Amino acid sequence: MKLCSLQQLVLAVLFIVSNFYLPLAVASPIGWDFAVTLRDKLLFLDNKFKTVSSAAHEFEGISALAFDEAEEVIYFNDQQHQNGSIFSLRRDAAVASHIVEQAVQRIGNGSVSGLAFDPLNRNLFWADMRQSRIYFASVDTLHTEPPKVLVDLSAEGGRPDGVAVDICRRQLYWTNSKINHASVERIGLNGTGRQVIIKENIDMPRGIVIDQQSDRIYWLDDKVGIFFAIESARLDGSDRQLVLEDKHQSPIQLAITDETIYWTDKADKAVWSYPKPANKKLATNATEPVVEPIKLASWKEDVYGIVARTGFYQHLQKDAHCASVVKKVKQRLDNRLNNRTQSRTAVDDRIEELEREHCLNGATYMTKGNFCICQVGFKGARCEISECHNYCVHGTCEISSMGYPKCYCQTDFYGERCEYYKCNNHCLNGGHCTVDRDSGEMSCDCRDNFTGTRCEHNETAHCGSYCQHLKEHPDAFVPAPCMDICEELRLTNATIVREYQSSAFCSDMPSYRQGSLIIVLVVGVVSSLALVAVIVHGFRLIHKPKRPRIKKTFVVRKQARLNSTSDTPLTNRPLATEQCEITIENCCNMNICETPCFDPKLVEQQFSGRDKKSPCVKEDKKILIHNMEDDLLN
């Protein structure tokens with residue numbers, strides 16, 4: 001009887017061990033690094049974007065995607081499903097299959113555009129673009145409590161698109177793609193403190209993600225026309241930066257890892273990547289190569305959502321803002337593990353031993369999710385890989401306080417991973433580059449006849465024009481460094497390429513000659529302009545039409561009548577025998593001593609007391625004209 005029970009125990013242990021290791025080795029959920037949504041399925045991809053597995057083939061309108069990394073659960077939506085709008089997908093490692101359950105029932109004619117998950121309170125957030133609202137609900141009480149409205153944008157006509165949760169600072173970020181009033185906003189997870197953080201120079205923002213490593217947000221902006229942009233800012237909207245601007249794409253959602261930004265493109269039905277900007281760049285004189293976006297994978301169907309493993313358990317354990325959140329999440333998972341039945345058998349002890357052996361380097365095994373929570377500085381399905389493994393190319397790697405690898409480069413190298421050689425393409429024309437071990441400064445050892453900090457000057461071509469000029473004019477000025485070269489060229493009877501002659505000769509002309517040449521040029525230009533101005537003015541004077549001369553004729557009588565005191569030009573017209581005509585210009589050019597044109601009574605009285613032999617003065621003409629005008633008007 002005892003023998004039989006012993007055999008049964010051995011068989012049970014072997015059966016459990018085989019069923020335990022097989023899922024871990026073959027169907028571990030850590031086997032994928034990215035997940036994307038096509039219209040009718042989910043694809044799980046490795047870090048090289050090769051398809052590992054697929055799921056959810058029974059759906060027809062999948063778009064948005066969210067990932068609960070603590071429980072290894074994928075949340076996705078289906079626009080075409082009749083009853084539910086959001087579903088959960090969990091991988092069952094024991095049977096190597098996926099279990100799909102309805103998470104949120106459809107609310108009217110809602111249309112889910114973005115999904116986000118909070119691992120601390122286990123709340124699911126989603127943006128409904130059609131109803132202009134942002135909802136949230138607890139995944140633990142979805143069957144008993146309906147979803148609640150966190151933000152209502154219907155009154156202002158908003159169009160919430162992408163959503164992202166800052167799990168450390170307890171904030172929800174979303175993009176508002178309303179035309180002409182687009183923005184990026186945030187609000188507390190408790191529904192208070194709504195704030196618009198980006199509203200200038202933004203067209204149609206789509207996906208948004210939080211980078212806890214750099215405390216920044218990244219979002220996609222589908223610009224007007226053919227362009228799109230990836231932009232970044234601090235969590236409060238300050239320090240806005242343009243990460244990438246490109247064209248001919250239709251970006252939808254994005255994800256971010258330690259080093260790279262990923263986004264889905266509906267136009268090319270592909271996933272693209274671009275390096276994430278470093279927080280601090282080492283200042284060097286070398287020019288970094290221009291980086292272009294890389295197309296990682298493409299399909300025949302439209303691609304929408306994308307999520308990536310961030311490993312926030314490992315990386316955020318020592319973060320000032322995130323440490324408490326990570327601790328609470330781990331504590332909740334540990335409590336769930338400890339709530340298992342207290343009745344232990346030899347099989348349970350053996351399983352626990354296998355669990356401890358499966359996760360390496362002090363990692364914690366999570367039974368429900370069938371994965372390992374690694375210690376700081378390790379990664380992999382079993383935490384078997386050091387973060388510093390092959391990370392620094394030419395330097396020493398250390399794990400920072402945040403849990404990320406950091407490189408200390410050798411003197412000759414720089415870059416985030418010490419991948420760039422300082423002397424690369426620094427010295428020209430075959431010069432040899434060396435780096436000072438103490439200061440890190442670069443210097444060039446140039447070949448013969450080459451000078452400059454980077455050996456950029458060719459002395460042979462530089463002095464060729466002087467040598468040519470010296471050949472024609474033996475007394476011409478030649479710089480001292482060129483004398484030996486000219487002598488060498490004379491002995492070898494060599495000629496210099498003509499294209500170098502003019503530029504070299506002019507660039508190295510003595511300073512006093514250069515100054516004289518500049519003065520002569522300036523004086524010549526000014527003189528030419530003055531001559532042109534004089535010629536133009538002369539032509540204008542010659543061809544300008546003359547001003548017309550105004551002529552006016554007055555009819556006056558030669559002698560005044562006896563009763564001339566009451567005569568006026570209108571009541572007493574002169575007779576034909578008494579009148580005469582004179583032009584006003586001629587009248588104005590005469591005075592009273594000459595032939596008077598008009599001799600009214602007033603003028604005679606003014607001149608009656610004057611000596612008749614006295615010479616005429618200029619005032620006579622003024623009085624004559626004045627009285628003539630008055631009498632004519634009267």
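Backbone N, Cα and C define each Cβ position, glycine as well.
Record features (Swiss-Prot):
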DISULFID  CYS359-CYS372  disulfide bond
DISULFID  CYS374-CYS383  disulfide bond
DISULFID  CYS423-CYS433  disulfide bond
DISULFID  CYS427-CYS444  disulfide bond
DISULFID  CYS446-CYS455  disulfide bond
DOMAIN    350-384  domain 'EGF-like 1'
CARBOHYD  ASN83  N-linked glycosylation site
CARBOHYD  ASN109  N-linked glycosylation site
CARBOHYD  ASN190  N-linked glycosylation site
CARBOHYD  ASN285  N-linked glycosylation site
CARBOHYD  ASN339  N-linked glycosylation site
CARBOHYD  ASN449  N-linked glycosylation site
CARBOHYD  ASN458  N-linked glycosylation site
CARBOHYD  ASN493  N-linked glycosylation site
REPEAT    122-169  repeat 'LDL-receptor class B 1'
REPEAT    215-260  repeat 'LDL-receptor class B 3'
SIGNAL    1-27  signal peptide
TOPO_DOM  537-634  topological domain 'Cytoplasmic'
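What Swiss-Prot annotates, mapped onto the structure for a quick look.
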residue : record                      : DSSP class
ASN83   : N-linked glycosylation site : coil
ASN109  : N-linked glycosylation site : coil
ASN190  : N-linked glycosylation site : coil
CYS372  : disulfide bond              : strand
CYS383  : disulfide bond              : coil
CYS423  : disulfide bond              : coil
CYS433  : disulfide bond              : strand
CYS444  : disulfide bond              : strand
ASN458  : N-linked glycosylation site : strand
DSSP residue counts for the repeat 'LDL-receptor class B 1' (122-169), split into helix, strand and coil: 0 helix, 24 strand, 24 coil
From disulfide-bonded residues CYS372, CYS374, CYS427, CYS433, CYS446, the one whose Cα lies nearest ASN458 (N-linked glycosylation site): CYS446
Neighbouring disulfide-bonded residues, C-alpha within 10 angstroms of CYS383 (disulfide bond) - of CYS359, CYS444, CYS455: CYS359
Helix, strand and coil counts within the repeat 'LDL-receptor class B 3' (215-260) (DSSP): 0 helix, 29 strand, 17 coil
Cβ-Cβ distance under 8 Å to CYS444 (disulfide bond), same chain, at least six residues away: HIS426, CYS427, GLY431, HIS432, CYS433, THR434, GLY452, THR453, ARG454, CYS455
Residue among disulfide-bonded residues CYS372, CYS433 with least C-beta crowding, 10 angstrom cut-off: CYS433
For CYS374 (disulfide bond), the one of ASN190, CYS359, CYS446 that lies nearest, given that the recorded positions are compared by Cα: CYS359
Neighbourhood of ASN190 (N-linked glycosylation site) by C-beta distance under 8 A, where only residues 6 or more apart in the same chain count: ARG170
Cα-to-Cα gap, ASN109 (N-linked glycosylation site) vs CYS359 (disulfide bond), nearest whole Å: 46
Residue from ASN83, CYS423, CYS446, ASN449 whose C-alpha is spatially nearest that of CYS359 (disulfide bond), among the recorded positions: ASN83
Overall pLDDT for the repeat 'LDL-receptor class B 3' (215-260), taken as the rounded mean: 94
From recorded positions ASN83, CYS372, CYS446, ASN449, the one whose Cα lies nearest CYS423 (disulfide bond): CYS446
